[in-house]
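**Student:** Below you will find the structure I want to go over with you.
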Amino acid sequence: MSHGFLPNEFQNSDKIDEVIGLDLTLSAMGMTFCSHRFMPLIVDNDDNNWSHRFFEEETRDNKRPKRTINGENSDGGMSRNGSNGSLSSLSSLHFRDHILTYSKRYLAAEAVEEAAAAAAAMAAGYEENGVEEDETAYGMRLVQLLIACAEAVACRDKSHASALLSELRANALVFGSSFQRVASCFVQGLADRLASVQPPGTAVGRVQLPPVMNIMDIMSDSDKKQEAFRLVYEICPHIKFGHFVANLAILEAFEGESLVHVVDLGMTLGLPQGHQWRHLIQSLAATRGCAGKPHCTRLRITAVGLCVDRFEVIGKDLKTYAKSMGINLEFNIVESNLENLKPENIKVSDDEVLVVNSILQLHCVVKESRGALNSVLQMIHELSPKLLVLVEQDSSHNGPFFLGRFMEALHYYSAIFDSLDAMLPKYDTRRAKMEQFYFAEEIKNIVSCEGADRVERHERVDQWRRRMNRAGFQATPLRLMSQAKQWLGNNKVCEGYTVVEDKGCLVLGWNAKPIVAVSCWKC
């Protein structure tokens, strides 16, 4: 009998029996996983309604006494000793429910294979970089502990997860090796997730949180965290690279124009002093017309976000700077998160050239249902900008399986922490501030949060292409490779950072691991 809901390799009853008995342990890696007959990875896809219920249903199935009537279980399932005649009546035994369960187990197996492959890649990375054998073994032990702990948390096995967390806390040192330091951040995230775990079947009322736009809105507005973000901008090239490439693309769009307008979504998380626009103002002022005056007679910047106080300070500073450069700057603020932003909130003139700028923002509105992002992209499309500049982290932290997201994040942030290790000494307080007060906040959001609370939903550039194309945008290739490489050299960026071109996008990476991608789009 052909089962159309399953992949081809599961189209016979023997294979279905294999799926029923899947043992999803990573024994090859020496890890201990929970004793369930399969790994009930947590899926956070509202469209399929798998989240948490998947585990709860299986737990109930394991505990429910079975009663066999004519080859059926009391829950509508098939007895293993059922007759051939009972097979012919599968349609009346909720066949779709069985197939859905088998499919979930199959996908869970795929997620574990991906996690194992990612761990193997990390091990290979240690060896390729010439790390001593004992340090490599120690690092792999930490990897194994982290994955085992993540799986125990996903299984809601509090006792096993707590024991693993205790061992991890003793080994993941904040001032240790680069991997120990990144592991300490993931330990914090796992501990927070474990603390929020409820027993199966427990109904928990959701607390209504105030609207947020990005990770800086979630983080408390402390001086330490603001200082950490400033240090990330000054020391790490990620945001500066995005600003540089974005400004080059914007200047091309503004070429020969006198009235120009930039709508900045989030103002780079409220980064003080408006660095990106200082550089743009300087470049616009340097472009002179026949009379020796700047081509641009008026620059309008519209800041969109919730950090109104910060925006006002930035706007005041930018106006003073623009005036000193001979540029007339008009600075407007729209207090709104992206999901509630309407085209009428943006003041646009028919005689101006409009560009929309998004630096590390749009991933925050990528939800399970995709509706939020689609509405934001539709709103931008209605503004009819000449160009949309998109800068995003180039990693897959929004997959349906928790363990898959965990492994992707571990691989991604390990590369970032390796780069910090190459740039700063072990006991440099600036390094500790960036790791613990900025990157750790992103990691904890990815690992411990779900639903609307999880805003760090980074995706790969290929996924962004599909999303943008579906929303009616067309890619505008960036032919700025030579300028980008020259920028790396001029700014004396740490050796190990590279720039590659990926189907018209520019991607900054660390030792071949993509970190941030810049792409441009037109309506």
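Note: Cβ is positioned from N, Cα and C throughout, glycine not excepted.
What you see is a predicted model, and the numbers here were worked out from it, not measured in a lab.
Grabbed the feature section from TrEMBL, which reads as follows:
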type     : residues : note
REGION   : 57-85    : region 'Disordered'
COMPBIAS : 73-85    : compositional bias 'Low complexity'
MOTIF    : 260-264  : motif 'VHIID'
REGION   : 313-345  : region 'Leucine repeat II (LRII)'
REGION   : 354-445  : region 'PFYRE'
REGION   : 448-522  : region 'SAW'
**Student:** Where else in the chain does the region 'Leucine repeat II (LRII)' (313-345) make close Cβ contacts, counting only residues six or more beyond its ends and a cut-off under 8 Å?
**Tutor:** 211-213, 265-267, 270, 272-274, 277-278, 281-282, 284-285, 293-294, 296-306, 361-362, 364-365, 372, 375-376, 379, 382-383
**Student:** Please indicate, using numbers and ranges, the residues of the same chain that are 6 or more beyond the motif 'VHIID' (260-264) and have a C-beta under 8 Å from a C-beta there.
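**Tutor:** Non-local partners: 250, 254, 276-277, 280, 284, 296, 298-304, 346, 348-349, 352-357, 359, 383, 385.
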**Student:** Mean pLDDT over the region 'SAW' (448-522): what is the value?
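**Tutor:** Computed over the region 'SAW' (448-522), the mean pLDDT is 95 on the 0 to 100 scale.
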**Student:** Residue counts in helix (H, G, I), strand (E, B) and coil for the motif 'VHIID' (260-264), per DSSP?
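**Tutor:** Helix, strand, coil within the motif 'VHIID' (260-264): 0 helix, 5 strand, 0 coil.
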**Student:** In the region 'Leucine repeat II (LRII)' (313-345), how many residues does DSSP call helix, how many strand, and how many coil?
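**Tutor:** Taking each residue of the region 'Leucine repeat II (LRII)' (313-345) in turn, the totals are 18 helix, 7 strand, 8 coil.
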**Student:** Do you know the DSSP helix, strand and coil residue counts for the region 'SAW' (448-522)?
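**Tutor:** Looking at the region 'SAW' (448-522) with DSSP, the answer is 24 helix, 26 strand, 25 coil.
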